[in-house]
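*Asks:* Encoded as structure tokens, here's the structure I'll be asking about.
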């Protein structure tokens, strides 16, 4: 496969000598410009090699190699604070800040995180994983610095996608008001913003980056304002300058917001980047925005040609994740397509996740009814609420981890008004290698506690399609939570049907022990039943597809004729399925009549690691569930209520 790298990728995956000599950012200051360019090539080689093996975010990291080098030459990390928005483009930063020898462990269990992490290195002053946080965090650090009368620089690096988030503009507005010394680097990779990059802009940037220009400007202001009528002359001159810039230059918006604007800068030209950074560093009483133009996937032909595809790749593959059958996201997309074909009132809304959420074909066929609002989850929910008031049925499609950002809007703008908004919660449960910031382990809890919200988790592809159909027809706020990865391989029924709200399903009838599992955990409970059958144990298995409202009648009936009751979920224990069933049993006075165990994710932030490894570690796979069942049945001398969280 042709990569477009200037140096061929070594098959033995050993980094060549120059990169191997970089143990800290200070080592970069010894290199010549030619050596820095060579280093950039070697960094890209290592990124392609490692991410191809381990998986991760490739295109974004390839696009900021020169910026990373320039930042660490101009500034003194960790004294100076470099904050990477989202953090998925920080791989080169990790290589240059003392983590080169650990880089082989990237996104591996117990290894380096795929994002910035405060626990990992002092060079990561702020952890990330979600977008649009860097400017707020950086401004907070800069203000804290000034209050403490300390002296260091704070630099926030944010992409043109993340800057579309409302939180970014809140921070920009605040920063301009405070007039704090602070640098924001806008990494514009051409996927959202199209600024002027012509000869005039380049000429003016060459002037702006020259410290002599700033000195001359200040001197001219002092000279003119000291003359008779000088202040009026200076004001007139500035007004002419502003009018010219507004008509010709892309930075006028930022200057109106209180920032000094520098750019556009060639983000792959180390010399030009260093000049811009040094210039920005010298401004004392105003925030500076450096507008940098980069190529996402730079240096790797496949990634440059399809930056969306190579935004994130699977382990041991240079392309998209592979597997058998359809993923839950694909089944969702196909079902929604069918529903939208039949019902013109159904619309889809997503927050910069059209491809990841399986909406590409839907968007292609219904371009007027699919809305990608950018990285704006709060807006997405209230936008949906507004459409719902006018008779439309919005389906909001968001990853579980990002839905957390719109919690107030779900309560205030949807549920309080009982609006029929459907929440399609993708990547629910254990997500895997992206780690703590991306695990979808809180959604069952925070969605179930909201009054009037229906919360469901399908056990397979059939459940998913029927529950989506039910959600669209319910006329109520409705949450549909499904996992990352491929389905169970079941054959889907051709006709969609409503599943009565609150009605759960007995999949297998047994004796003594009952397992209430929800979502993906149903498949693992089935595996556990096969293991238990070898010991002559035949449990009752319930597909607990409705978490709110619960099927109280079924729970009480089964609790009344079984000795043991197990709940299984890929969600934290607090507020999840097990917690809610415990409450029902307590209110019915059955806590002492049946022995209970809740198998769930611990109430903690779950580390990165592949899904199978993490499920095994926390006892959520078939083997783990079977072991807990056997342990519960054997442990008759213990308290009747056990919360089983891990092996």
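Cβ from N, Cα, C; glycine included.
Sharing the features that Swiss-Prot gives for it:
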type	residues	note
BINDING	88, 129, 130, 131, 161, 162, 189, 300, 377	thiamine diphosphate binding site
BINDING	160, 189	Mg(2+) binding site
*Asks:* Calculate the distance in Å between the alpha carbons (Cα) of residue 377 (thiamine diphosphate binding site) and residue 160 (Mg(2+) binding site), and round it to a whole number.
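*Replies:* Cα-Cα, rounded: 16 Å.
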*Asks:* Radius 10 Å, atoms counted are CB only; among the binding-site residues 88, 130, which position scores highest?
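*Replies:* Max Cβ neighbours within 10 Å, all protein chains included: 88.
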*Asks:* Expressed to the nearest Å, what is the distance separating residue 189 (thiamine diphosphate binding site) and residue 160 (Mg(2+) binding site) at their Cα atoms?
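*Replies:* Their Cα atoms are separated by 7 Å.
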*Asks:* What's the CA to CA span in angstrom from residue 130 (thiamine diphosphate binding site) over to residue 160 (Mg(2+) binding site)?
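*Replies:* Given the Cα positions, residue 130 (thiamine diphosphate binding site) is 14 Å from residue 160 (Mg(2+) binding site).
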*Asks:* Near the Cβ of residue 377 (thiamine diphosphate binding site), how many other Cβ atoms are there if near means within 10 Å?
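*Replies:* Taking all protein chains shown, residue 377 (thiamine diphosphate binding site) has 28 Cβ neighbours within 10 Å.
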*Asks:* Mind giving me a neighbour count for residue 161 (thiamine diphosphate binding site)? Other Cβ atoms within 10 Å of its Cβ, every protein chain shown.
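*Replies:* There are 21 such Cβ atoms around residue 161 (thiamine diphosphate binding site).
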*Asks:* Measuring Cα to Cα, how far is residue 88 (thiamine diphosphate binding site) from residue 160 (Mg(2+) binding site) in Å?
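*Replies:* So the alpha carbons of residue 88 (thiamine diphosphate binding site) and residue 160 (Mg(2+) binding site) sit roughly 14 Å from each other.
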